[in-house]
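Reading through the structure tokens given below for one structure.
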Amino acid sequence: MDGSQSRTVYRHRLFTRVWHWLNALAILVLIPSGLMIFNAHPRLYWGHYGANFDHAWLELPRFPGWATIPSHYSLAGARHWHLFFALVLGFGLLAYVIVGLINRHIQRDLRIRRRELAPRALWTDFKAHLALRFHDSEHPRAYNIFQKLSYAGIVFGLIPLLIVSGLAISPGMWPWLADLFGGRQSARSVHFLAMAGMTLFVVVHLTLVILAGPINEVRAMVTGWWRVPEEDR
């Protein structure tokens, strides 16, 4: 191939792309609608009850209208938005895992190998990230170890935790779930912390997309085709 020509590889399957954008939409609505729900009582507790004379471990000012859905105070409206897109997130995750196991995307692309966790390998990948080299030139379709760890953590850790803790604080929804967290207020605290973790992931993810080349990365997540950067060829 001529060195001046762009080399493209098919990196993201259709289902992965659809799931990615549905997730993005769901999270874009879930976080601000969740902040509106939080505004109804912007304090967090550990245990079963909260309020009254219980000591809040975290007390925040109410979030401003530009950060919430809806922008005006409406607990009922926020719950409608939140519950609908929670279903999108939950059933989307279930579909992703089922399809990912069937087409072996999870086993092939997300499986973490022992050699990748070796200190020398982690240090090499870390230095490559500092130099803004995020992809293996010999295997441009492959995820690096930090991508695998973060994606696996989100898919099998953070999103399930958000779903289960959300169910635990929903009135009338399997009350035994609240006991797993040590009480409904503990589940609410865990749900808030998991939301903060998801927000941090989104910020880091978008930052890395910008550093890696936003046009190329977004085009790949829309069309599936990804252009291998010059330094990787």
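Residue positions begin at 1 at the first shown residue.
Cβ coordinates are placed from backbone N, Cα and C, and glycine is handled just like the others.
As recorded in TrEMBL, the features of this protein are as follows:
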DOMAIN    11-224  domain 'Cytochrome b561 bacterial/Ni-hydrogenase'
TRANSMEM  21-40  transmembrane segment
TRANSMEM  81-103  transmembrane segment
TRANSMEM  149-170  transmembrane segment
TRANSMEM  190-211  transmembrane segment
For the transmembrane segment (21-40), what are the same-chain contacts with Cβ under 8 Å, counting residues 6+ beyond its ends?
60, 62-63, 67-70, 73-75, 77-79, 81-82, 85-86, 88-89, 92, 192, 195, 198-199, 202, 221
Could you pull out which residues elsewhere in the chain have a CB under 8 Å from any CB of the transmembrane segment (149-170), counting only those six or more residues past its ends?
86, 89-90, 93, 96-97, 110, 112, 143, 177-178, 180-181, 184, 187-188, 190-191, 194-195, 197-198, 201, 204-205
